[in-house]
Protein chains: 2
Amino acid sequence: MSVTAPAGFEATGVAAGLKSTGKPDVAVVVNRGPLKTGAAVFTSNRAKANPILWSQQAIADGAVEAIVLNSGGANCFTGSFGFQTTHQTAEKAAELLGVSAGDVLVCSTGLIGTGDEAFRAKVLAGTETAIAQLSADGGPAAAEAIMTTDTVPKTATFAGDGWTIGGMAKGAGMLAPALATMLVVLTTDAVLTPEQADAHLRAATRVTFDRLDSDGAMSTNDQVTLLASGASGVEPEPEAFRAALTDVCRDLATQLMADAEGASHEISIHVRGAATEDDAVEVGRALARNSLFKTAIFGNDPNWGRVLAAIGTTSAEFDPYNVDVWMNGVRVCTQGGPDRPREEVDLTPRATTIEIDLFSGEETATIMTNDLTHAYVHENSAYSS
Amino acid sequence: MSVTAPAGFEATGVAAGLKSTGKPDVAVVVNRGPLKTGAAVFTSNRAKANPILWSQQAIADGAVEAIVLNSGGANCFTGSFGFQTTHQTAEKAAELLGVSAGDVLVCSTGLIGTGDEAFRAKVLAGTETAIAQLSADGGPAAAEAIMTTDTVPKTATFAGDGWTIGGMAKGAGMLAPALATMLVVLTTDAVLTPEQADAHLRAATRVTFDRLDSDGAMSTNDQVTLLASGASGVEPEPEAFRAALTDVCRDLATQLMADAEGASHEISIHVRGAATEDDAVEVGRALARNSLFKTAIFGNDPNWGRVLAAIGTTSAEFDPYNVDVWMNGVRVCTQGGPDRPREEVDLTPRATTIEIDLFSGEETATIMTNDLTHAYVHENSAYSS
């Protein structure tokens with residue numbers, strides 16, 4: 001049921017002609033209340049698309065009644081014309097829904113530089129069509145309409161104690177620090193204030209979407225939004241709600257990683273024994289971004305030397321000559337030297353686990369990434385995206 | 001003539017059985033003086049191979065009589081046994097040459113973790129064989145013996161005013177900041193003190209090898225060494241010598257970029273209008289490491305949005321919405337928006353030029369990189385290196 005699993009939400013997805021394939025490309029999610037609580041986190045790239053610039057302003061008061069999302073064009077680096085397109089999209093939705101434009105968020109994804117008059121006309125018409133078709137079971141249609149190179153729609157739900165969380169996500173590449181080419185909408189019928197929603201969302205994304213680093217590239221359009229309708233009338237126990245929201249985010253992040261462009265391995269990098277959590281993240285991320293490591297995994301080659309060479313570039317606190325490395329459960333390196341023979345490591349399964357012990361403290365972090373494959377090169381060289 | 005172009009040097013390369021192909025894999029370069037001036041710069045990776053640890057100590061006094069280099073094994077993460085191998089290699093060369101082991105540098109390249117008893121025996125025997133074959137025209141043989149995945153040996157010479165510079169380099173991948181998988185030996189018969197040699201070498205490598213970033217991965221074994229014999233009896237004019245040394249380094253760096261594993265484009269990223277040189281380097285390097293940009297160039301796709309998205313991740317001083325970008329001379333983006341149609345850009349030549357104007361100052365930098373190709377993935381996944 002995606003974003004319409006919780007009470008108080010309607011959604012839909014329609015084909016507005018933005019995608020040359022004719023597939024659905026405009027989605028609308030509406031919060032019917034009684035609360036209109038919203039919170040959002042955005043790409044940390046300084047190059048931000050127009051919908052990001054708009055949504056950052058609109059979310060400031062913590063009130064959101066609707067969100068309009070389009071695939072088939074990023075509306076990024078399209079100048080003031082592009083910003084006006086976003087503004088007009090919010091106004092169009094607001095007018096049709098009888099709400100304030102300042103309570104409508106906008107998200108776009110697709111090719112940077114796409115946002116001309118034809119784009120504007122299609123987005124506005126698609127918004128109107130979509131709003132006329134809103135329904136309480138339109139979540140799956142919305143999840144489909146935000147897909148770009150995704151091969152499957154991504155949705156998740158969580159049934160709490162009298163409240164529910166639903167979510168949808170798109171993203172299949174450019175998954176990098178601080179969210180990347182990722183549009184996510186999370187909904188709940190729990191009773192939350194804007195401050196609670198913001199705190200829960202930041203806590204959940206920090207250890208899930210922010211730990212996903214498919215190819216080190218950071219998008220201009222990433223946005224993760226949480227909407228709370230309060231329709232259940234239940235004020236959730238804070239720890240339980242945060243844990244559930246984190247579960248939903250982790251579920252969606254895992255789906256994003258599994259559908260990353262051209263990947264043949266999903267790699268979980270577990271770093272432990274770090275002096276600080278930041279150190280653990282830095283070490284995991286340095287490995288996740290190392291092309292030589294990523295190609296070795298594609299080749300099913302347990303080349304642990306590339307692991308040590310990659311993490312040796314960090315400023316994290318550890319002794320490079322006192323590090324243990326496991327690949328799929330086999331300790332291939334201990335104290336910075338060879339341990340078990342590499343022949344013992346089976347890297348043929350898609351699910352790949354790298355464990356690194358830095359012997360410098362008690363902190364840990366897990367980074368999720370993918371291998372670097374021929375298919376990745378093909379998808380990202382043969383098509384503009 | 002490679003490293004034996006200047007007077008006072010002898011060199012050779014021999015096959016010691018380290019390479020399974022039977023090709024030459026041990027090189028020796030000897031400085032016959034009268035000076036024994038030496039200077040070297042090393043990888044900034046904290047994970048350093050044993051020969052780096054040795055050479056860093058040996059170079060401290062600025063005196064070098066010989067350098068032994070091997071391909072076919074990095075002797076990295078091989079523990080104290082590996083360090084003893086390096087030490088014994090220096091002692092073996094010193095004994096045969098009648099010099100101090102502390103004046104013999106050692107360089108290794110190949111697979112990390114390779115450095116067992118068989119490796120040691122072959123390196124020691126190869127060193128003995130090589131020293132017996134030293135000759136004043138052995139430079140080309142030495143350049144061939146240090147090759148790994150290089151498809152051609154790389155050499156350069158410069159004829160100054162009464163003095164000469166020669167050089168050889170190996171490297172074909174992992175070419176990243178602060179030198180990477182790169183072994184370079186530069187020789188000169190100019191009269192230089194160790195302090196002069198060190199200053200000239202640092203100045204020359206800073207704007208050449210340090211600006212080469214093929215795939216963002218940084219090696220454990222990189223070393224660039226300058227040896228000065230003083231055999232010409234000429235004290236060069238400092239600016240002229242530094243300019244010549246920079247030219248030789250740029251020549252070798254360009255050869256390394258042209259032979260990078262699997263590349264189909266050599267990309268020069270010129271950043272101008274930067275507030276500081278560091279900003280220019282940061283912007284150029286962020287682009288050089290962006291997989292989406294690199295695959296687009298492989299696909300001959302002038303996807304300037306990926307340029308802006310890549311540089312938007314930096315902390316350099318500039319307005320992301322006031323940046324101009326040229327691709328092979330065509331301004332595709334101005335003030336952060338579309339300019340000339342992408343159809344005007346021809347990316348089919350190997351030599352590719354990206355120009356970025358940040359409009360924030362007068363500083364500039366050029367970073368050299370490669371595209372990300374199917375062949376890169378193949379070479380780095382199918383073989384351990």
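Including glycine, each Cβ sits where the backbone N, Cα and C put it.
The substrate binding site annotation in TrEMBL covers B:T148, B:K170, B:T181, B:E261, B:N380, B:S385. In three-state terms derived from DSSP, B:E261 (substrate binding site) belongs to neither a helical nor a strand segment and is classed as coil. All protein chains included, B:E261 (substrate binding site) registers 28 other Cβ atoms within 10 Å of its own Cβ.
As annotated by TrEMBL, active site, nucleophile applies to B:T181.
The DSSP secondary structure for B:K170 (substrate binding site) is strand. Here the binding-site residues are B:T148, B:K170, B:E261, B:N380, and the ones sitting under 8 angstroms from chain A, going by CB atoms, are B:N380. Compared over the binding-site residues B:T148, B:N380, the count of CB atoms lying within 10 A of a residue's CB peaks at B:N380.
Secondary structure at B:T148 (substrate binding site), taken from DSSP and collapsed to helix, strand or coil, is coil. Within 10 Å of the C-beta of B:K170 (substrate binding site) there are 27 other C-beta atoms, taking all protein chains into account.
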